[in-house]
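Colleague: This is the structure I have questions about; it appears just below.
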Amino acid sequence: MPEGPSVRKFQQLISPFVGQVVAKVGGSSRKLNVNELNALRLQDSQVHGKNLYLAFVAADGPFGPTAEGTVLQRGAACGAHCPAQGGQGQVGAPHSQDKELQELQHSRAEAPDGAEGLGNWLHIHFGMFGSVRANEFSRANRANKRGDWKDPVPRLVLHFQSGGFLVFYNCRMLWCSSPRADPASDILSVQFHRGRALHALRAPNPICYTLLDQRYFSGLGNIIKNEILYLARIHPLTPGSLLALSDLEHLLDCAVQFSSEWLHNKLHGQGLHPRVYQKEQCPLGHPLMKGTFGPSGGLQRPTWWCPECQPAVLPRDGDPSPVT
């Protein structure tokens, strides 16, 4: 499913439509009566981890301009990216042109309590190939298993009075009274709490399990997990309790920096160039291993690692069993 940087890119696509009135709706959603959105005004948008929230109000209700659309659009043009520092320390200094976008994150996307009066919020959670498109529909780029070239079917289409439209694919949608989020757990939030994240990483669980725990690393997904473990030279099945604090701090630095750079690239239309995710060799030319790991009864996710660059950590006396 789309990870934090991708969902924030979706928000950038949506921001020009904030303040506009829905003129026509469509889509295949069975959980949501899409007709309820007809003639409503899109009042606001927020991102929390992998979740997108859209606020709608009556078209004749009061509307005040938000800083969101202006700053996000300007950020893409001036070279801004979303710095993900905060909590109990910062990793690197944000670029000077990032200041407005950082302030936007802090004042808008991280303050759901003050948004309750804006109206009903539509909570959107994306599936594996979920996406948002503005003023265009997704087209099939290959045949399906039956050999048919069928375009993806959108779950929701919002046509606005301006003539533009938004299309949402492969997502679940439901109404809520306000966004539900803990900014301290969001790796792309200025309020990300490093101390709490470090405490979670020190648990005796395999480190690759902890990194995907959205209670502590909201927005961090399987791509980021694989890439930062390689960058930090840590075997994915290493129990966090076996790692030195300096190693965990370095891993956290990698998580923040990689996520911020990925978002920066997305806002500038640049693609991701993974080092190990879905690769056969690491950048140094070593063959990669692949396994499917996850907690018992939980989601099992594909994992790539380099046995040379990410060796198993041997336990000390009294420590748990070694990584295999």
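One is the number of the first residue shown, and numbering goes on along the chain from there.
For all residues, glycine too, the Cβ spot is worked out from N, Cα and C.
Per TrEMBL, the features are:
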- 96-105: compositional bias 'Basic and acidic residues' (COMPBIAS)
- 2-175: domain 'Formamidopyrimidine-DNA glycosylase catalytic' (DOMAIN)
- 275-311: domain 'FPG-type' (DOMAIN)
- 83-105: region 'Disordered' (REGION)
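Help me picture where these features are in the structure shown.
Modeller: Secondary structure of the domain 'FPG-type' (275-311), assigned with DSSP and counted as helix (H, G, I), strand (E, B) and coil, comes to 0 helix, 12 strand, 25 coil.
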Colleague: Could you give the mean pLDDT over the domain 'Formamidopyrimidine-DNA glycosylase catalytic' (2-175), rounded to a whole number?
Modeller: 74
